[in-house]
Amino acid sequence: MKQRGGSEEAKRNAGERAAEFVDDGDVVGLGTGSTAAHAIRALGRRVDAGLDVEGVPTSFQSRELAREAGVPLTTLDDVGNVDVAIDGADQFARESGALVKGGGAAHAREKIVDASATRFVVVADPSKAADELDHAVPVEVLPSARRPVAAAVEALDGEATLRSAERKDGPVVTDNGNLVLDCAFGSIADPGALATDLSTTAGVVEHGLFVELADEVLVGTDEGVERRRYGAE
Ligand SMILES: O=C(CO)[C@H](O)[C@H](O)COP(=O)(O)O
């Protein structure tokens, strides 16, 4: 699995704390990435100890990991929504809890699962915190829409770069068979407005701005976990 961001200890602390929030009988959204992976493994240990849960994976990676960890799986088709979603982020805004996600190109499925959750818990390390979001926004596009979407991003004063695969010649292809444009906009003063602009661009399957979705962010450090809550709880 790709290693991004802060220390493994910080990620483990955040992921393991989030797994404690899951109750018997819950359906759990299983996020993607190295921090969410700690939550999936911790959940697997709780299942071994008798916890009755089902997980909805957000990617090929989280499905494989859940199987290895012994977390029983279901689908949104079967259950409709999840009780708790636990997922990572590439960046979060300290004040609003708005997120940039999609470092693992899984943001389309992640958004479907995370948005369906009664409680969406983000797990992160301190390197992900920002006063204003400025991380490039991953945009999943239909392959035939790559150039028109790149032009639309430019019209929004952004710069779109096709994400390249690392151990394959050519582009990253998502779990849904699409391409990813990493779109740099500099500092994003109004993530909600940019999210609307991207969502209404023809050919965009999903973008990595998650605005007003997170209920809390657990920021792991080497020493423990800081809990930041957002929205009405
Ligand atoms: O959005 C994601 C995948 O699409 C990940 O949650 C995000 O990239 C954070 O990953 P990590 O915990 O490995 O830093």
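Here the Cβ of each residue, glycine as well, is placed from N, Cα and C on the backbone.
TrEMBL lists Thr32, Gly33, Ser34, Thr35, Asp87, Gly88, Ala89, Asp90, Lys101, Gly102, Gly103, Gly104 as binding substrate, and of Lys128, Lys168 the one it places in that same site is Lys128. The Cβ of Ala89 (substrate binding site) lies under 8 Å from the Cβ of Leu99, Val100, Lys101, Val122, Ala124, Lys128, Phe210, Ala214, Val217, each on the same chain and at least six residues away in sequence. For the substrate site, whose binding residues are given in the record as Thr32, Gly33, Ser34, Thr35, Asp87, Gly88, Ala89, Asp90, Lys101, Gly102, Gly103, Gly104, Lys128, the maximum C-alpha distance rounds to 15 Å. The number of other Cβ atoms within 10 Å of the Cβ belonging to Glu110 (active site, proton acceptor), over all protein chains shown, comes to 30. Distance from the CA of Glu110 (active site, proton acceptor) to the CA of Gly103 (substrate binding site) is 11 Å.
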